[in-house]
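Undergrad: Straight from TrEMBL, here's the annotation block:
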TRANSMEM  12-34  transmembrane segment
TRANSMEM  46-67  transmembrane segment
TRANSMEM  79-101  transmembrane segment
TRANSMEM  108-130  transmembrane segment
TRANSMEM  136-158  transmembrane segment
TRANSMEM  170-190  transmembrane segment
TRANSMEM  210-228  transmembrane segment
TRANSMEM  233-255  transmembrane segment
TRANSMEM  261-282  transmembrane segment
TRANSMEM  294-317  transmembrane segment
Amino acid sequence: MYEKEDKRAMDLALITAKQVFELFILILCGVVIGKIKMVNEEGKGMLSNLLIYFVVPFMIINSYMSGYNAEILKNMGRMLFYSILTICIGMALSIGITFLMKKEVRGIIRFATTFSNAAYMGFPLIQAMYGSEGVLYASVYVTVFNILLWTVGIVYVSESMSFKELLKKIVTCPPIISVAVGLVIFLARIPVADVLKDTFNVVGGMNTPLSMIITGITISQFPLLSILKDKRVYFTVILRMFIIPVICTLVMYLIHAHGMVAVITIILEACPCAAITTLFAIKFGHDQKLAVGAVTLSTLISIITLPCLALLAGEIIM
């Protein structure tokens, strides 16, 4: 019995390592594209808009076209609970550990450590590992993620945004709108023609290469050596990539969480710092070098940490 469990855990780690390595190659392609100036800052912005407002919504809605299934609905409920639990654990750890830090740096560190790159890196990884059903569960996590990002995340870095502005950000967020549309299709059991399913599948399939290339282009714009000299970057990355995912995994074990939904939650929680961390640092006047360093270094080491976390999750909650 234990040998079978060990084999399943190792298989999960190897699958994760393979998928992360493939994503890493795409990131390197993005780095090359950025270094040779094939795509400039304006072009990167246009690609990001294409991804967020077109490709990701198609991918999410496509995941809800699998047809109504009571077991899937039950798993979505579990995913909702696990998502709230793990993100809140990360939030509590971030606030507690940075409590005595200077105000000018603790906000962006809290943001970088609370919010993972679940959309840019998590979606492609889950899509590759578990297909459309995995993306459906991942979309639940990203819905919780986005609500907290535009509420708690804003509080971390600024107290100037009004409730009305926050609400507008949440209800106009493309992934949240996509989940709402997908839920209507799923719960109302609306039949979808095969030609539409195929179209949504093809467009949604663009998510993986596009998101990783954009990540690579972003990394190419900043000098890696200067980033590696900043001790605050290492502190942020250790908290984001090691401490929070490991504690979340142990908590999931203690509450007897298990199966694919639990593993997906841990993988999404173990992703690098959210790419939007840099944008928030720019917008709200925080340390851009720290933000870029955290995003870049956490993305680079994720090729090692994600398979290790998958192995740990496979051992104790699979």
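Glycine too: its Cβ is placed from the backbone N, Cα and C atoms.
Because the structure is a prediction, the values reported are computed rather than measured.
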Undergrad: Mind checking which residues of the chain, 6+ beyond the ends of the transmembrane segment (233-255), have their Cβ under 8 Å from one of its Cβ atoms?
TA: 82, 85-86, 89-90, 93-94, 97, 109, 112-113, 116, 227, 262, 265-266, 269-270, 272-273, 290, 293-294, 297-298, 301-302, 305, 309, 312-313, 316-317
Undergrad: Which listed stretch (12-34, 136-158, 294-317) has the most C-beta pairs under 8 A with the transmembrane segment (46-67)?
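TA: That would be 136-158.
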Undergrad: Under 8 Å, at least 3 Cβ pairs, sequence separation 6 or more: does that hold for the transmembrane segment (294-317) versus the transmembrane segment (170-190)?
TA: no
Undergrad: Return the stretch with the most CB pairs under 8 A relative to the transmembrane segment (12-34), choosing among 108-130, 136-158, 170-190, 261-282.
TA: 108-130
Undergrad: May I ask which of the stretches 108-130, 136-158, 170-190 has the most CB pairs under 8 A with the transmembrane segment (210-228)?
TA: 108-130
Undergrad: Which sequence-distant residues neighbour the transmembrane segment (170-190)? Criterion: at least 6 residues beyond either end, Cβ under 8 Å.
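TA: For the transmembrane segment (170-190), the nonlocal Cβ contacts are 52-53, 56-57, 60-61, 63-68, 73, 119, 136, 139-140, 142-143, 146-147, 150-151.
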Undergrad: Below 8 angstroms Cβ to Cβ, which residues of this chain, lying six or more residues outside the transmembrane segment (108-130), approach it?
TA: 15-16, 19-20, 22-23, 56, 59, 87, 90-91, 93-95, 98, 101, 137-138, 141-142, 145, 148-149, 152-153, 156-157, 175, 207-208, 211-212, 214-215, 232, 235-236, 239-240, 244, 260, 264, 267-277, 280-281, 286-287, 290-291, 294-295, 298-299, 302, 306
Undergrad: State the non-local partners of the transmembrane segment (261-282) in its own chain: residues 6+ outside its ends, Cβ under 8 Å from one of its Cβ atoms.
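TA: Same-chain residues near the transmembrane segment (261-282) but 6 or more away: 12, 16, 75, 78-79, 82-83, 86-87, 90, 108, 111-113, 115-122, 125-126, 129-130, 134, 137-138, 141-142, 149, 153, 157, 214-215, 218, 236-237, 240-241, 244-245, 248-249, 252, 288, 290-292, 294-295, 298-299, 302, 305-306, 309-310, 313-314, 317-318.
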